[in-house]
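Student: So TrEMBL has the following annotated:
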COMPBIAS  580-590  compositional bias 'Basic residues'
COMPBIAS  591-600  compositional bias 'Basic and acidic residues'
DOMAIN    111-564  domain 'Major facilitator superfamily (MFS) profile'
REGION    1-27  region 'Disordered'
REGION    45-74  region 'Disordered'
REGION    569-600  region 'Disordered'
TRANSMEM  109-128  transmembrane segment
TRANSMEM  187-207  transmembrane segment
TRANSMEM  214-247  transmembrane segment
TRANSMEM  277-297  transmembrane segment
TRANSMEM  309-328  transmembrane segment
TRANSMEM  447-465  transmembrane segment
TRANSMEM  471-491  transmembrane segment
TRANSMEM  503-524  transmembrane segment
TRANSMEM  536-559  transmembrane segment
Amino acid sequence: MTPPPQAETQDKPCCRPEVPTATADQIDSRTDTAMAAAADNVAYFRQSDDKTTAENGSGGKRQTAAPDRHQLPPSAMTPVQFEMSYGTPSADDGAMSSKENLLTPRAWIGARHIVTFMLFLGMANAYIMRTNMSVAIVAMVNQSALARDPTIPDDECEGYYTPPGNSTNHSISNEGSFLWTTSQQGYVLSSFFYGYVITQIPFGILSKKYGAKYFLGIGMLINSVFGFLVPLSANFGIFSLITIRFIQGLGEGPIVPCTHALLAKWIPPTERSRMGAFVYAGAQFGTVISMPLSGVLSEYGFAGGWPSIFYVFGAIGTLWSVAFLWLVHEDPESHPTIPHDERKYIISSVWGAAGVSSPPVPWRSILKSAPFWAILVAHMGQNYGYETLMTELPTFMKQVLHFNIKANGTYSSLPYLAMWVFSMVASHVADLMISSEKFSHTLTRKIVNTIGQFGPAIALIAASYTGCDPYLTVAILTVGVGLNGAIYSGFKVNHLDISPRFAGILMSLTNCLANLAGLLAPIVAGYVIDKRPTQAAWRVVFITSACVYMICCTIYLVFGNGTRQPWDNPSNDQMNLEHKKNKKQKKNNKKAKDIEDTVQ
């Protein structure tokens, strides 16, 4: 479509008036782009294939002023509206005047990559603080002095196989000083999650309304500072230790909902599988760092060994929190030094997720949404199985496989190293599947998620029947848990697919309830193996987790969806606000009429 000559526009008020800040050639060059983008917006919610998410805008942002959030997305603007809101492109914008080039990344390393890397380190730090107790508690507790069922042999695998370097396995001098039963250890390990669960939903809502940066940075700072107090609190008793770990959990609560909220603001839809998987792979990276280093510090560290774990990681977490608050900005619009073309690229890609500045959360529609419930169930199954391994694997390797503390940390970390590597591979494969246009978002998410949850389920069952061979057990768990990395391109980023605007809130909901399931894992395991740390007891623990994995994944296969849901449509915001306003007005009118009738 070509705009009418300028002479005609002066005579016809119905036509597009002259824009003094742009030449006629500049306006003409963008007319087709704006009209095509507007058509894309109309068709967006009519298409079943959500690959059009990445084509939801064209336009940039003027450096001197932030756009009004109450206006239309750039892709829905007319050329005049675009010109008034974003200004005329400068000469250095060059090819950015076309829709295709605008939606192409302009920098190999840009501001969004720095944000992504800092979120990756934040996720790693969060899991370091979460998992270090799993290894530390092996060194803290005197396993030899614990009461056992006298009818159960102390060592089913005595004389079968001794891993190299494990000559100190049964040395009393290497045992800890705390006499905590297996059940008490389960409460210590799960206490972190009590606080973690409480703050999930509140921070999901708060990050949507007030921004995510400061909630995330300050929360992780609290987590790190209280980590310094763990050794002191343990000496005061198990209840003081549980309290400190509970507070640490409160501080870590914002990590997932706030990370999701920042990803929704910073990462274009075409990059979400890779970027999202990279960020959440920080969980495995942190576990890989935490477990072997905790084992080494327990044996060779300062302050008596295991206390140095919490001092070292507390210092690392504090440094990350300060760096995050300094380097990361809430969104591209508030970033003072982001390249102009990158700002345009991000805003034009994710503006489809914008509507009014604080749209009302469609709670009723969310709770009626089958795709949301599918994500929730998959998330709960994942957390139960994952927390079983993360919190109990070092204890299993101590009690059944008889690895010493240093070897324990090293071998316990191998499955998570494999998970980290495979999550990167799976994310690129998932993006290739989607970009090939042969696989929809829905089918892609279901395929990779099935690999990610059935893989560890099968491995858990197999590992429970390996007998006394420690390396075969570790090898099977490494492969199975490695496959679990695919979930970061499965249900874990599915929130961003079905609702980019409310992704943070959805993640806070699913993560809260999933961690309720996760905190049950060490408690259940503690009761099953209490005084009976036999292979048969551990087999019950592993097979239970495997069944949970498979059942929840099957539900996701049936009800999961990768398309943006109708209740997330930005065009409905004003309609919803008007509906609420009219409803409130009717209520006030009725109340006034009742008062008037009462007076009469």
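Even glycines carry a Cβ here, placed using N, Cα and C.
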Student: According to DSSP, how is the compositional bias 'Basic residues' (580-590) divided among helix, strand and coil residues?
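Tutor: So the compositional bias 'Basic residues' (580-590) is made up of 11 helix, 0 strand, 0 coil.
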Student: Check for me, if you would, whether the transmembrane segment (187-207) reaches the transmembrane segment (109-128) - at least 3 Cβ pairs under 8 Å, residues 6 or more apart in sequence.
Tutor: no
Student: Using DSSP, how many residues of the compositional bias 'Basic and acidic residues' (591-600) fall into helix, strand and coil, respectively?
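Tutor: Helix/strand/coil tally for the compositional bias 'Basic and acidic residues' (591-600): 9 helix, 0 strand, 1 coil.
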Student: Hey, does the transmembrane segment (309-328) touch the transmembrane segment (109-128), meaning at least 3 C-beta pairs closer than 8 angstroms, sequence gap 6 or more?
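Tutor: Output yes: the transmembrane segment (109-128) sits against the transmembrane segment (309-328).
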Student: I'd like to know if the transmembrane segment (471-491) touches the transmembrane segment (277-297) in this structure, counting it as a touch only when three or more C-beta pairs sit under 8 Å and are separated by 6 or more positions.
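Tutor: Touching, yes - the transmembrane segment (277-297) and the transmembrane segment (471-491) meet the threshold of 3 or more Cβ pairs under 8 Å.
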Student: So if I exclude everything within five residues of the ends of the transmembrane segment (536-559), which remaining residues of that chain have a CB under 8 angstroms from its CBs? That is, six or more out.
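Tutor: Same-chain residues near the transmembrane segment (536-559) but 6 or more away: 370-371, 373-375, 377-378, 380-382, 384-385, 388-389, 392, 396, 399-400, 446, 449-450, 453-454, 456-458, 460-461, 463-465, 490-491, 517, 521, 524-525, 528-529.
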